[in-house]
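Note sheet for the following structure.
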Amino acid sequence: MTKRSRRTLDQDDALCCCEYIDRHGGRSHMAACCCDCEDLDDACDRWMKKAPQNPDSLSRVVATISDRLRVPWISGAQQVDLSLIPPLILLPVFLHIAALHYLLGILVLTALPIMVLWYYYFTHRKKGRTLFFLSLALFSLFYMFYLFITEVVPRGDVNHFQLGAVMAGVVLTVISLIITKRGPGYVRPRPSDTHSTVTYHKPPPDVDAAYLNGERHQVVIANHAGPPEQISESGTAQESVQRMNWCTVCKVVRPPRAGHCRICGVCILRLDHHCVWINSCVGQANHLSFLLTLVFFLLTSLYGISLVLRSVCPHQSVMTALLYCPDVYKQYSSALCFTCAWYSSIVTGGLLHLLILQLINISFNVTEREARLALREKTGRSRLWGLIIDTGVYSRGFRSNWTEFLTMSKASESSNHKPSDLV
């Protein structure tokens, strides 16, 4: 089977809303999604002839399907990540099944967090990027709000002020998430180490294309391929420090507290951790907005849960309604609201634990990455069963630590620029 020749994209020839550049670099159209499927044809031929499949045949078929699953857009058809789809289908199905009977509710609400945690550890072990968790988080937020509008508000137990408060909480959560997604702050090469800059219209294989959002990838050519040599009075010590902070992947000297994210493939200023729920790193430029996202979400969720429980369990207090709400399963609408309140409570509990850890780390001026390194190298003090990790390196007191945290994003570079590799 011969492959048809692909017309390469002229840089001056704009894409229409249904055209895109496929994974082979050729220009294609959404209407041709079922044409020229060599990988799928080869797999089907081998299956029909009962011949053994190639080891990479399945991955090539999945890559082809993922590359051709697109939606029209102004600047060209945009690719839809397959990991976005499962939460949009499974979450409503599971919640509606859980609302049928309290035993099904116990089974589903127990199995759902276990499956999510299993998938988290599966993807975390492979160090791969996925939009599953971001899709699950955003869809959970909007789906819970949709059910609140359609199932709880018509009951007449929620006044306009309470509805406005919930809507304001959802809007503030989304705005703070958008600000967080602008970027964590990237480590830039020093001008003295820069020889020239080359722009590629396709990302290199070791940098995730989704991370660059389809934009051009700039590569900085360095004056040297290894750690820079420094000549000064303390040349040996300074050279040792720079060699220790040298990133062999990004080819840059990392400043103090910066770290390389193996998932994103770049070095981040004051790297705290890579958060799968926002599909991005948390660093110097977006740590504050990330904390505000958690706070807004938790306040909105807790307030929304209290309003739902007051509506479906009017004769019970909010503290006991989750554990004891008689006759709630006699009406499907009430059972669905009660199930969603339980689901929101589970999510809220997990994010509340994350928020507490963040507040403790900020108070001791330690990042999550530094805490893990301190535990591994046994250089930090662990308190309260590992809840508090004090490295004693950057802490300057509670007030000074919080002042540094609240002002550090102003000192970071603009997060609108994309990261560059120094090679």
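Using the three backbone atoms N, Cα and C, a Cβ is placed for every residue, glycine included.
The domain 'Palmitoyltransferase DHHC' annotation in TrEMBL covers 243-371.
Tertiary neighbourhood of the transmembrane segment (93-119): same-chain residues 132-133, 136, 329, 332, 335-336, 338-340, 342-343, 346, 350, selected by CB-CB distance under 8 Å and a gap of 6+ residues from either end. If you look up TrEMBL, you'll see 93-119 (among others) marked as transmembrane segment.
Sequence annotations record features per position, and here TrEMBL assigns transmembrane segment to 131-149 (among others). A Cβ distance under 8 Å defines the sequence-distant neighbours of the transmembrane segment (131-149), meaning residues of its chain 6+ beyond its ends; these are 81, 83-88, 91-92, 116, 119-120, 123, 166-167, 170, 173-174, 177, 210, 276-279, 297, 301, 304, 307-308, 336-337, 340, 343-344, 347.
If you look up TrEMBL, you'll see 161-180 (among others) marked as transmembrane segment.
What TrEMBL lists as transmembrane segment is 290-312 (among others).
Same-chain residues lying 6 or more positions outside the transmembrane segment (332-357) and placing a CB less than 8 Å from one of its CB atoms are 95-96, 98-100, 105, 108-109, 112-113, 140, 144, 147, 151-152, 291, 294-295, 297-298, 301-302, 304-305, 308-309, 311-313, 322, 325, 368, 387. TrEMBL lists 332-357 (among others) with the feature transmembrane segment.
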Can you break down the domain 'Palmitoyltransferase DHHC' (243-371) into helix, strand and coil residue counts using DSSP? 71 helix, 16 strand, 42 coil
